[in-house]
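Per TrEMBL, these features apply:
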- 73-202: domain 'DUF2207' (DOMAIN)
- 327-552: domain 'Predicted membrane protein YciQ-like C-terminal' (DOMAIN)
- 41-70: region 'Disordered' (REGION)
- 1-26: signal peptide (SIGNAL)
- 276-296: transmembrane segment (TRANSMEM)
- 451-471: transmembrane segment (TRANSMEM)
- 477-496: transmembrane segment (TRANSMEM)
Amino acid sequence: MRTAATVRAAAARFAARAAAPLRALAAVLCVLAAVAAGAPAAAADREPGATPDTLPETHTVPQGGESDGITNDVRVLLDQHGVLHVEETLTFGGGGAAEFTRTLLAREPYDADHDRLYRVSGVSAQAAGGTEVPVRTEEYDDMVDLVLERGDAETVVLGYTVAGAMEQTADGVELEWTPVAGYSERVAETTVRVDAPQPPRALSCSAGVPRSSIYCTSSDMGGHEGLVARFLQADMAPGERLSVVVAYPEGTASAEPVLDRTWSLTSAFAITPKTASVFGLLLLGLLGGLIALIRLRGQDERALRAESGAVANAPLEAGPDDGLRFRPPDGVHPGQIGTLIDGQADVVDISATVVDLAVRGHFTIEELPHEHTASVDWMLSKRVPPADEELLPYERMLIDALFDRRVRVRLSQLRRGGFAQRLAGVRDELYRDMVRLKWFANRPNVERNRWASAGIGLTVGGVALTVLLAIFTQAAFTGLAVVIAGAAMTVGAQYMPARTAKGSSVLAHTLGFRAFLMSAEAEHVPEGRRVELFSRYLPYAIIFDNVDRWATVLAAAGATEEAANKRLPWYEGPDEWQVEDFAESIRAFVLTLAGVISSARQLRALG
């Protein structure tokens with residue numbers, strides 16, 4: 001009996017195992033039957049005209065999406081002219097505000113010099129029954145807002161056209177567009193279908209915040225709708241974007257993007273054949289000016305060649321009682337020489353004139369006692385000049401500027417009071433002296449200021465022209481040519497005062513005198529006359545920047561000839577001072593005097 005029971009139990013277990021697959025198969029068949037029964041009902045729920053294959057199988061709302069949320073079905077037709085004809089069907093699913101804003105991209109950067117424009121036109125909107133829905137277009141710098149005043153309409157069909165979305169590529173044409181640049185409310189699902197005259201060759205998309213590189217929910221092309229490219233983005237928050245790119249074969253549509261030039265330093269100052277030509281013309285103009293300047297200065301060069309060696313000997317002549325007396329070339333004074341050389345009555349010229357007037361006996365220079373070199377000061381004291389000593393107008397004005405109706409004045413006192421104002425008149429008179437002597441045709445300072453003013457005006461005009469060209473054109477580089485020309489004229493103004501033939505001849509003699517001072521030795525003057533004559537050389541040595549050498553030579557001569565006096569006829573020091581100290585003393589005096597003169601505002605001004 002046990003054996004029979006065991007067999008029956010085993011048979012039961014076998015039967016159960018054999019029946020399990022049959023029960024599973026029956027369950028599967030029941031599920032399939034239920035799906036088949038529900039399919040007609042689902043088909044019946046579709047809108048008229050819809051087809052099951054409108055979107056790929058992946059084009060569904062993601063898991064968790066709300067079926068009654070806002071959806072947007074964007075249908076795009078690309079024509080042969082490259083224009084997009086867009087029809088959007090916005091379904092609000094019983095929710096949403098009475099006013100809905102749909103944003104489109106109107107401008108985006110294209111390259112360093114241009115923005116790309118997407119021109120939106122022909123905007124209209126209708127409700128499902130054909131009733132017109134008010135739509136307002138609000139344009140911003142790079143966006144266009146389409147504001148739908150839908151009221152309680154559940155479905156709105158929005159239509160518009162877009163130009164500028166196509167461009168040429170190496171192997172065909174390409175549609176690049178941002179169908180959605182933002183919604184005012186969250187949209188559960190956005191689908192985009194692009195239909196074109198030819199099948200797409202490739203596609204791409206991105207979605208999310210601006211400049212996002214995240215791929216959209218899904219995209220596909222081909223199938224039985226061979227001319228259509230399809231895109232889907234689910235659950236778009238306000239402000240998020242959806243951008244698409246579709247590549248097509250050559251000839252699918254016209255592909256000319258609409259570009260707008262943007263301002264940048266690179267584009268504004270672009271070097272082009274035209275701007276290069278302007279610089280070439282500027283170069284010719286500068287060369288022409290240089291040639292003219294060479295011809296103008298050639299007068300000096302010719303005079304230097306003709307007069308070379310004319311002052312090869314010492315500037316001395318026989319005086320009464322078979323003695324020697326100083327006679328500078330052409331009778332020029334130190335201040336005149338400095339102004340003749342560079343056309344400017346500057347600090348050195350005035351300083352040399354002060355020393356020259358002291359040497360010639362119009363006043364003495366006394367170094368006052370001092371404990372430290374930094375505290376040294378000098379007293380200028382008027383003297384009765386020699387009977388045959390005549391003053392030029394600018395020299396007389398300089399003495400008046402120094403003493404100002406006083407007999408004695410400290411050098412430090414000249415930093416205060418009206419010395420600066422009086423000194424300006426001295427410089428003006430020195431310029432007039434150049435014209436009176438017929439060394440210059442016009443006053444050098446007036447001529448220089450005229451050219452400098454013209455150069456400054458040209459520079460300012462060039463800057464203004466450059467700014468205008470930079471704003472409105474790509475030829476701002478041309479304006480820089482004018483700026484450069486104006487700057488060159490301003491800098492070159494100091495060389496514009498032209499010497500006359502007579503002035504050039506005197507300049508040649510003066511430079512010969514300079515060569516003599518640079519190389520002469522003390523032995524060319526007999527002992528007993530060296531202090532007198534070397535003192536006359538010293539102001540000219542200041543002009544020619546050779547004061548150290550001749551101050552030392554004069555100090556050595558004074559140590560011999562003025563040993564008993566312990567002073568020079570025109571310069572003296574405190575009790576402990578020796579003539580051998582003169583070289584250091586006169587250097588300190590000239591430097592301090594130059595500082596006093598430089599502090600005058602008029603000498604710092606141009607001219």
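Heads up, the Cβ atoms here are built off N, Cα and C, so glycines get one too.
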Model confidence over the domain 'DUF2207' (73-202) (mean pLDDT, whole number): 94
Residues in the domain 'DUF2207' (73-202) grouped by DSSP into helix, strand and remaining coil: 0 helix, 84 strand, 46 coil
Intrachain neighbours beyond the transmembrane segment (477-496), with Cβ under 8 angstroms and 6 or more residues off its ends: 269-272, 274-275, 278-279, 281-282, 285-286, 293, 342-344, 447-452, 454-463, 465-470
Same-chain residues near the transmembrane segment (451-471), Cβ under 8 Å, at least 6 residues beyond its ends: 263, 268-269, 478-494, 496, 606-607
